[in-house]
Amino acid sequence: MMEGNQTVITQFLLLGLPIPPEHHHLFYALFLTMYLTTVLGNLIIIILILLDSHLHTPMYLFLSNLSFSDLCFSSVTMPKLLHNMQTQDPSIPYGGCLAQIYFFLFFGDLGNFLLVAMAYDRYVAICFPLHYTSIMSPKLCVSLLVLSWVLTTFHAMLHTLLMARLSFCDDNVIPHFFCDMSAMLKLACSDTHVNEVVIFIVVSIFLVLPFALIIMSYVRIVSSILKAPSSQGIYKAFSTCGSHLSVVSLFYGTVIGVYLCPSTNNSTVKETVMSMMYALVTPMLNPFIYSLRNRDIKEALIRVLCKKKMSL
């Protein structure tokens with residue numbers, strides 16, 4: 001479509017990942033396997049928590065929501081990447097790009113806030129064990145979940161609407177495997193100052209603040225654990241928190257690597273690879289981290305499988 005002497009972009013081209021042509025099929029099979037593993041692993045966690053009454057606790061309520069968030073977060077980008085790799089068609093409509101931005105931010109932020117809720121749950125469980133039931137009441141848990149969903153909706157909608165007001169004229173090639181906000185801002189032919197200021201402010205609040213709260217909660221947890229009278233109590237507490245800390249390290253390590261530690265050399269390749277880490281690798285590893293390090297999940301799986309065998 002023409003406006004004056006400018007062509008208004010109606011679709012974008014996703015360059016995808018820097019993969020040599022001879023390795024194309026190998027990486028397609030690898031990404032497909034990883035994506036299916038992500039979907040299956042997170043679905044198993046969700047189904048186990050739904051079916052086993054022993055897991056109807058605040059921690060597993062948050063974990064089931066985190067698994068749902070991880071499943072959806074990976075599904076925002078991976079099916080499109082796999083489709084583009086298979087068809088060799090890198091195009092994505094303008095509306096599809098905005099939808100990707102919205103849901104990528106939504107489920108990414110949701111996982112972010114759920115990690116904070118889980119850190120608070122562990123903090124109360126270890127530092128105030130006698131008051132855990134009264135503090136982590138069903139009302140508080142539901143309130144934390146509702147707050148997480150409302151804040152993520154606001155954040156994703158804010159950035160999507162700000163992106164929708166921009167004009168894209170000549171260059172429509174996105175050097176990424178999905179419609180990344182920062183990559184699209186570089187293509188805009190209208191003023192992006194407002195977008196950049198909002199991104200800086202909101203990222204500081206929605207990423208740095210939750211990370212700081214998690215760190216603070218674990219500083220308190222560690223200090224409380226070290227005061228524990230028995231080595232068994234220390235081991236149990238560290239074991240309980242180990243899986244959550246692993247997930248936090250994976251998630252924030254890769255996100256901070258992309259957004260807060262930019263590199264000048266080969267930044268596009270680096271950002272693309274790091275984005276793949278938190279968009280696919282982290283959601284895939286989360287179910288393994290929680291199941292392999294979590295006795296409750298393993299016992300729930302055994303109970304569900306035994307019930308199924310008995311019913312047969």
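In case you wondered, yes, glycine gets a Cβ from its N, Cα and C as well.
Listed in TrEMBL for this protein:
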TRANSMEM  26-51  transmembrane segment
DOMAIN    41-290  domain 'G-protein coupled receptors family 1 profile'
TRANSMEM  98-120  transmembrane segment
TRANSMEM  140-158  transmembrane segment
TRANSMEM  197-219  transmembrane segment
TRANSMEM  240-260  transmembrane segment
TRANSMEM  272-292  transmembrane segment
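Away from its own ends, the transmembrane segment (140-158) comes close to residues 58, 61-62, 65, 101-103, 105-107, 109-110, 113-114, 117, 120, 198, 202, 206 of its chain (Cβ-Cβ under 8 Å, at least six residues beyond either end). On the 0 to 100 pLDDT scale, the domain 'G-protein coupled receptors family 1 profile' (41-290) averages 85 in the predicted structure. It is 26-51 that, among the stretches 26-51, 98-120, 197-219, forms the most Cβ pairs under 8 Å with the transmembrane segment (272-292). With a cut-off of 8 Å between Cβ atoms, the residues of this chain six or more beyond the transmembrane segment (26-51) that come close are 17, 19, 60-61, 63-64, 67-68, 70-71, 74-75, 78-79, 81-82, 85-86, 280-281, 283-284, 286-288, 290-291, 297, 300-301, 304.
Residues 109, 112-113, 115-116, 119-120, 122-123, 151, 155, 158-159, 162, 181-182, 241, 245, 248, 252, 255-256, 259-260 of the same chain, all 6+ positions outside the transmembrane segment (197-219), place their C-beta atoms under 8 angstroms from a C-beta of that stretch.
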